[in-house]
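Remarks on the structure that follows.
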Amino acid sequence: MVVVTNSQMKQIEENSLKYSMSMKRLMENAGSAAAMFIRRTMEVDGKFCTVFCGRGNNGGDGLVVARKLYESGANVVVVLTDGDPATDQAKEMMELIAPMDVALVYYEKEDPAYLKERLEATDIIVDAIYGTGFHGQLDEKHRKICELINGTTAQVIALDVPSGVTCDTGFADEYAVIADMTIAFDSYKPLHVLPVSVGYCGEIKTADIGIPPQAHEGIEGQFILVDNEFVFSRLPKRRRDSHKGSYGKLLNIAGSQKYMGAAILSTMAAMRAGAGYVTLASTKEVCRTALPSLLEAVMLPLKQGKEGHISYESLPEILEALENSTALLIGNGLDVTQDTCRLVYEVLKNAKCPVIVDGDGINVISRNIDILKQTNCNIVLTPHMKELSRLTTLPIEQLKQDRYTIGANFAREYGCTVVMKDAYTATAGADGRMYINTTGNAGMAKAGSGDVLAGIIGGLAAQGIDLVTAAAAGAYLHGLAGNYAACKYSQYGMLPREIIDQLPKVFLHNDR
Ligand SMILES: NC(=O)C1=CN([C@@H]2O[C@H](COP(=O)(O)OP(=O)(O)OC[C@H]3O[C@@H](n4cnc5c(N)ncnc54)[C@H](OP(=O)(O)O)[C@@H]3O)[C@@H](O)[C@H]2O)[C@@H](O)CC1
Ligand SMILES: Nc1ncnc2c1ncn2[C@@H]1O[C@H](COP(=O)(O)OP(=O)(O)O)[C@@H](O)[C@H]1O
Ligand SMILES: [K+]
């Protein structure tokens, strides 16, 4: 599914002018298409429709819908929320509707009691206050209007965007319109697929507004919704004539006296994700303790430093093991000490295979971010919000509002892939794309779930799956296995290790 951003949509509209399209025609088409969807979905003749129009082009679309619904026999009232239209096209639409028997009321001048009464009798509300041009938050007046809309029992149809939702981030004001149906003009925009905003849209329909296909040429979809088809069209079936060497070697540098479980969970998850060999490089004590749970793993027992972490003196052994690895996972439960900082920096500088950095590996990098520019390998970072905040030195509040732009900029600047872990994980690819994940559940909000994800991504990358795909598909598989675990053990009771146990079921269901 192609999803275009606000500026890409503007570019597409501009391009269409080269093919004898006009902005006025586009608006007429948009409003007509929306009215047609409404007519197809519900009875309009004799119904009470109230159309809320802002001053911008979204409001202009609303004026067209009002005219078309009136022509279909509806009793129509237009509420101008911000006075007369401000754009040329919208002004023209105002001139067309003026002679009709459609009541045009100015929100500010109208008696609130009349509006309340009208809304109680209204069957269909059209929300044309703000479209793709909205950003930031609703002011008091618009919050009141949206509250009125959300408080009715009428069907609410949003044109292009439910008012109060920002197009490219999906960030919704807490009073944003909650629509029953949203009619997306020409293309899906990020808000139509982003988990944070999709709930405001209701059913989503795309309307052809007459933009010729050529106007879309050169516009690359930036947002990708990761689904079963995306994942399993990219994960090859195992060949009958293959051997363990065909599925790669993952070196997993993980664990410390304090965090032994992280080493076990990440190694186990990588094996369950199909890697041919997984080597756990950790302190002697961690390796000895982990062995009974990791019978299939290769152990690289290393010297332990004073604080229970992997000693820096182990660097030569690690670099030797790295030589014939097809992927490296580093950071799970490493602990942050002077030794592990030096170790991570040196390993990253020397690695040539794809690298996945998680947990303390990310914390270490945050202390010296420029290390990312001194590497010769492809890197995936898998930060949760707090780690992302450390990496970017931005507050979590800001990340919540705009993590797509921030993550994409970070990925571009440092040439890496960033898996932004959250209830809805989003992966910013170094390729400029954003991969949105929708699998997973709140039962996964437990220490250790992230180690499982890192292991899955590492296991996929070791098999030669490109890093962006390994990251995006890894998040999807992790969430789906988590959903199976929740069905079996409940969200309260499930454990991160049970996400690993359910991975085979995900593969089985998809013939892998
Ligand atoms: N291009 C075309 O011809 C076509 C466009 N089409 C339609 O146009 C829609 C886009 O229209 P649009 O760009 O005019 O923006 P729209 O969403 O109507 O509102 C913008 C106004 O709101 C303001 N504003 C923003 N945030 C605010 C806030 N927090 N609080 C207060 N004000 C705020 C903003 O102010 P500004 O950002 O300038 O400060 C501006 O004044 C699109 O979704 C589709 O429906 C179709 O007809 C096809 C042809
Ligand atoms: N509410 C939730 N819904 C879906 N996934 C979740 C939720 N909460 C956490 N997760 C997932 O669980 C994992 C937690 O990772 P992280 O916080 O790094 O854990 P740890 O480092 O303790 O293993 C992430 O992959 C995250 O996306
Ligand atoms: K709208």
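Placed from the backbone N, Cα and C atoms, the Cβ positions cover glycine too.
Model, not experiment: these values are computed from the prediction.
Per TrEMBL, the candidate among Ser16, Ser20, Ser163 that belongs to the K(+) site alongside Asn58, Asp127 is Ser163. In TrEMBL, the AMP site is described by Lys421, Asp422, Ala423, Tyr424, Thr425, and among Gly448, Gly450, Gly455 the residue recorded at this site is Gly450. When Cα-Cα distances from Ala423 (AMP binding site) are compared across the binding-site residues Gly60, Asp127, Thr132, His135, Asp160, the shortest belongs to His135.
Checking the binding-site residues Asn58, Thr132, His384 against ligand 2, the ones with a C-beta less than 6 Å from an atom of that molecule are His384. Comparing Gly60 ((6S)-NADPHX binding site) with Lys421 (AMP binding site), their Cα atoms are 39 Å apart once rounded. Only Thr132, from the binding-site residues Asn57, Thr132, Lys421, Tyr424, Thr425, place their Cα within 10 Å of the Cα belonging to Ser163 (K(+) binding site). Proximity to Thr132 ((6S)-NADPHX binding site), defined by a C-alpha to C-alpha distance within 10 angstroms, is shown by the following binding-site residues from Asn58, Lys421, Asp422, Tyr424, Thr425, Gly450: Asn58. Within 10 Å (C-alpha to C-alpha) of Thr425 (AMP binding site) lie the following binding-site residues from Asn57, Asn58, Asp127, His384: His384.
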